[in-house]
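Visitor: Let me give you the structure first, and then I'll get to my questions.
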Amino acid sequence: MDPKVGRMASSLLAFLLLLDGGMFSPSSPPTGLLEKVFQYIDLHQDEFVQTLKEWVAVESDSVQPVLRLRRELLRMTDLAADRLRNLGAHVDLVDAGFQQLPDGQSLPIPPIILAALGNDPKKPTVCFYGHLDVQPARREDGWVTDPHTLTEVDGKLYGRGTTDNKGPVLAWINAVSTFRALDEDLPVNVKFVIEGMEEAGSLALEELVQKEKAGFFSSVDYIVISDNLWVSRRTPALTWGTRGNSYFMVEVKCRDQDFHSGTFGGILNEPMADLVALLGSLVDSSGRILIPGIYDHVAPVTEEEKRTYEAIDLDLEEYRNSSQVKKFLFDTKEELLMHLWRYPSLSIHGIEGAFHEPGAKTVIPGRVIGKFSIRLVPHMNMSVVEKQVKQHLDYIFSKRNSSNQMTVSMTLGLHPWVANIRDNQYLAAKRAIKTVFGTEPDMIRDGSTIPIARIFQDTIQKSVMMLPLGAVDDGEHSQKEKINRWNYIEGSKLFAAFFLEMAKLH
Ligand SMILES: *[C@@H]1O[C@H](CO)[C@@H](O)[C@H](O)[C@H]1NC(C)=O
Ligand SMILES: *[C@@H]1O[C@H](CO)[C@@H](O)[C@H](O)[C@H]1NC(C)=O
Ligand SMILES: *[C@@H]1O[C@H](CO)[C@@H](O)[C@H](O)[C@H]1NC(C)=O
Ligand SMILES: [Zn+2]
């Protein structure tokens with residue numbers, strides 16, 4: 001973002017390369033081809049920004065189920081497919097069928113792009129996953145500029161989809177196109193999986209991955225996803241884990257209808273009182289989950305892992321200020337990150353059936369549903385967690401001697417994901433980051449759940465890496481989403497350098 005950081009990075013480069021075990025000869029940073037590639041990307045950066053502008057101009061919102069927007073999504077898919085064909089890639093548009101809406105309507109799901117460029121058996125095959133759809137955005141939501149007109153202010157490229165995920169998809173394409181434009185051999189075989197329904201739950205993706213396991217994906221050695229953010233404005237990151245999630249509903253019912261507290265108050269067990277007791281038994285004020293056994297399978301922290309948290313570029317005070325939280329439960333950066341990334345957490349989300357409007361209605365809800373979820377981490381076992389939650393709630397409920405009925409169900413279960421950071425592609429990405437940014441990456445995990453990583457890893461059983469390009473303040477899904485020109489352009493270089501490092505390591 002700050003061009004000064006970039007310059008500082010390159011002046012640091014020679015020094016860092018000296019430390020890098022002779023990967024380059026220290027007198028010629030970076031090597032000839034890389035230098036040429038970087039120069040090309042710098043010289044053509046306005047063209048790259050222009051293409052991003054054209055992509056941002058397509059309102060490819062997959063969230064609102066309306067035909068007009070679906071047509072935009074189809075247009076976006078064609079635009080990307082054309083771009084890939086122009087690179088010389090073989091492009092398949094795989095029909096993804098229809099989305100059935102609750103009202104009986106159905107809408108087309110944009111086809112999923114499967115593209116391939118090169119199939120030299122001597123080279124590794126690296127497959128990039130990305131998405132072309134975006135979250136809804138309207139100017140009146142609080143945007144200063146039109147969300148579908150890419151606008152540059154102080155090196156920031158504002159617009160919906162700039163960072164999530166059109167910018168990173170194009171950065172990968174820019175890297176490939178640079179080798180093509182320079183008439184240089186691509187160092188790796190490249191594949192693309194690009195979908196248009198990520199923001200709506202990646203409908204049809206998992207099925208496709210299953211179906212193409214022995215087809216399109218059989219030659220894939222590595223999967224790269226670039227769909228999250230750094231934890232800093234300055235320091236690039238590599239993501240090696242995400243938490244899973246198990247979502248619970250606990251219903252307490254007396255009858256379907258509500259009661260008046262003047263006519264029934266005092267003579268029955270109120271469902272809300274039961275539910276509040278149940279929800280109140282789940283977690284204490286230090287954030288510790290009170291369900292017996294829940295921490296039993298949580299992986300112990302290793303020394304190596306501990307060091308990754310210590311090295312991360314996070315200003316706790318700035319983080320606290322920007323989140324407008326007076327005090328977090330933990331006072332050190334390391335503890336905070338571990339509780340976000342590698343320990344489970346339990347959050348209470350809401351109560352269906354509760355009176356929540358302003359005013360003073362004297363209702364006794366007859367039936368209420370409490371909603372909470374547990375973010376899961378390695379090596380928690382989801383079916384064991386489900387059993388523990390049910391047993392705990394049964395026990396708490398039975399102690400109340402309530403005459404109401406309680407039912408507990410787990411409505412969603414997504415596994416956590418963790419990568420092997422000693423894998424070749426992590427080593428290659430680290431080296432590429434050092435070359436482009438002159439620094440070691442923050443080795444980060446993500447506290448939220450990104451199911452695709454786990455889907456790819458489980459189905460194809462190949463190494464999956466998340467290599468984000470955007471800065472922490474990019475505002476994905478939010479108003480004023482942006483990607484810094486610096487991140488976009490250096491990110492294109494990063495992918496190019498990554499290809500070269502992969503070729504060396506393979
Ligand atoms: C955080 O906010 C406090 C109070 O407004 C201010 O004094 C401090 O400089 C801020 N720190 C950072 C790092 O932004
Ligand atoms: C999870 O626990 C269940 C029940 O105890 C067991 O059958 C299953 O094998 C476990 N799964 C894993 C991945 O350990
Ligand atoms: C529930 O009932 C048992 C036995 O009938 C009694 O010992 C206990 O005190 C009761 N608990 C509550 C919370 O009313
Ligand atoms: Zn995304």
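The backbone N, Cα and C atoms fix where each Cβ goes, and this holds for glycine too.
Taken from TrEMBL, the feature active site, proton acceptor applies to E198. Under the heading Mn(2+) 2 binding site, TrEMBL lists H131, D164, D227. Residues or ranges marked as Mn(2+) 1 binding site by TrEMBL: D164, E199, H477. Sequence annotations record features per position, and here TrEMBL assigns domain 'Peptidase M20 dimerisation' to 249-396. Residues or ranges marked as signal peptide by TrEMBL: 1-24. Look at TrEMBL and you will find H260 tagged as site 'Important for catalytic activity'.
Would you situate these features in the structure and describe their surroundings?
Guide: Same-chain residues at least 6 positions away in sequence with a Cβ under 8 Å from that of E198 (active site, proton acceptor) are, in sequence order, S62, H131, D133, N165, L205, D227, I452.
Of all Cβ atoms in the protein chains displayed, 26 besides its own lie within 10 Å of the Cβ of H131 (Mn(2+) 2 binding site). The DSSP secondary structure for H131 (Mn(2+) 2 binding site) is strand.
Reduced to three states, the DSSP call for H477 (Mn(2+) 1 binding site) is coil.
Model confidence over the domain 'Peptidase M20 dimerisation' (249-396) stands at 96, taken as the mean pLDDT rounded to a whole number.
All protein chains considered, the CB of H260 (site 'Important for catalytic activity') has 11 other CB atoms within 10 Å.
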Visitor: Around H477 (Mn(2+) 1 binding site), which residues of its chain at least 6 apart sit with Cβ under 8 Å of its Cβ?
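Guide: Expected: Q135, D164.
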Visitor: Around the Mn(2+) 2 site formed by H131, D164, D227, list the extra residues of the same chain whose Cβ is within 8 Å of the site's Cβ centroid.
Guide: G130, N165, P168, V169, E198, E199, S226, E476
Visitor: With DSSP helix as H/G/I and strand as E/B, how many residues of the domain 'Peptidase M20 dimerisation' (249-396) fall in helix, strand and coil?
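Guide: The breakdown for the domain 'Peptidase M20 dimerisation' (249-396) reads 54 helix, 29 strand, 65 coil.
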Visitor: Quick check: which same-chain residues outside D164, E199, H477 lie with their CB within 8 A of the centre of the Mn(2+) 1 site CB atoms?
Guide: V134, Q135, G161, N165, E198, E476
Visitor: Counting only residues 6+ away in sequence within the same chain, which have a CB under 8 Å from the CB of E199 (Mn(2+) 1 binding site)?
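Guide: Long-range Cβ contacts: D61, S62, V63, H131, D133, V134, Q135.
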Visitor: Let's check the environment of D164 (Mn(2+) 2 binding site): how many other CB atoms sit within 10 Å of its CB?
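Guide: Result for D164 (Mn(2+) 2 binding site): 25 other Cβ atoms within 10 Å.
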Visitor: Could you check which of the recorded positions D164, E199, D227, H260, H477 have their CB within less than 6 A of ligand 4?
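Guide: If the test is a Cβ under 6 Å from any atom of ligand 4, the answer is D164, D227.
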